[in-house]
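Visitor: One structure, pasted below without further comment.
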């Protein structure tokens, strides 16, 4: 027995963390570039997923970016990654009323996920932090604690808030629905789940909703870049620190690799996934003649982000104009778009997200004040933040959060299906960097 313990200890000490899978691309109209990096970190399984894609819809070049952090396994995060954006771009009001379309797509995807979960005995769920670029608009939507941060005028601003059960409005909503919030290492819904909004989580669905908070920003010369990341990054980075790193590295792929690598060095115990989108509006405007007609007809460049394909150092250092040749690849593989293996720990960030964005939109929130958790630098605030939670934190020093669900601790509420409006999008061929099935033109699920 002693030998086994020694062998296990030696194995854990010698475990090598693989370099993050990474890639990037440039939009067809030259208005934005992007990069991504993802690593299992110190874990032996991977529950993070991400999506980067560019579509032509009704004459508009549309960018769609997302980070999805699973709990209770990877299947919920993988499902959301496969279906959320496809549901969104086929919504009949995607261009005319994008906010409404986003809300419908979130609730519809959640409803369909719950149906697919009926055969599973163990609950699974996922966060989502998504960014939609349409014309001169940036729309950020999220559920859970995967955060979105922008750099505007050189300063960091959170454009999402982490959904935590101890936030006063979230706790009130949960209790009004018949649920409760209790301390179990951190504040948890039903003593089980450390986020108050998520996809899936069938047994807690009455309290853990997938209703997104949506924030809109104007894309102008002052907007420099956007960071989307799972909490594996935010556990060890403040918003300002992450923005400072990206400022120093012009190439978005290289900046995401640097963020992920530094998060591992700082001791992040979770999977780490990061997407950076750089806005090139001001640069392209100063370019001689802006973009030529020849450039306007080019196919969006891309590097694939299929995580079941291991990206070598040689591939990640190539120019980001490699066109994805795997569009017709069978997407039924269970390992699609998973990054190098790793497991989820859920050490939650103790940071207060920003109260107001650069355009004056309020996005206030409050994190639980847990002793022993990662402290983060103050965030720039433009208006009054949300009132503090009334919940008192017991005198404990636990900081490790476990988002895996124990289905025996909560009753199964009835899941209701959201119906969307009818219609079908007129779409150009999709330039997608993952999920070949999602790249095909599909009829609207809102019919």
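Any Cβ shown, glycine's included, is placed from N, Cα and C.
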Visitor: For the Mn(2+) 2 site that Swiss-Prot describes with 69, 270, which of these is also annotated: 104, 110, 231?
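Guide: So the Mn(2+) 2 site in Swiss-Prot includes 69, 270 plus, from the candidates 104, 110, 231, 231.
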Visitor: What is the interatomic distance between the Cα atoms of residue 270 (Mn(2+) 2 binding site) and residue 70 (Mn(2+) 1 binding site), given in whole Å?
Guide: 11
Visitor: Quick one: give me the count of other CB atoms within 10 A of the CB of residue 69 (Mn(2+) 2 binding site).
Guide: 31
Visitor: Take the Cβ of residue 270 (Mn(2+) 2 binding site) and count every other Cβ within 10 Å, whichever protein chain it belongs to.
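Guide: Around residue 270 (Mn(2+) 2 binding site), other Cβ atoms within 10 Å: 29.
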Visitor: State the count of C-beta atoms found within 10 angstroms of the C-beta of residue 231 (Mn(2+) 2 binding site), not counting that atom itself.
Guide: 32
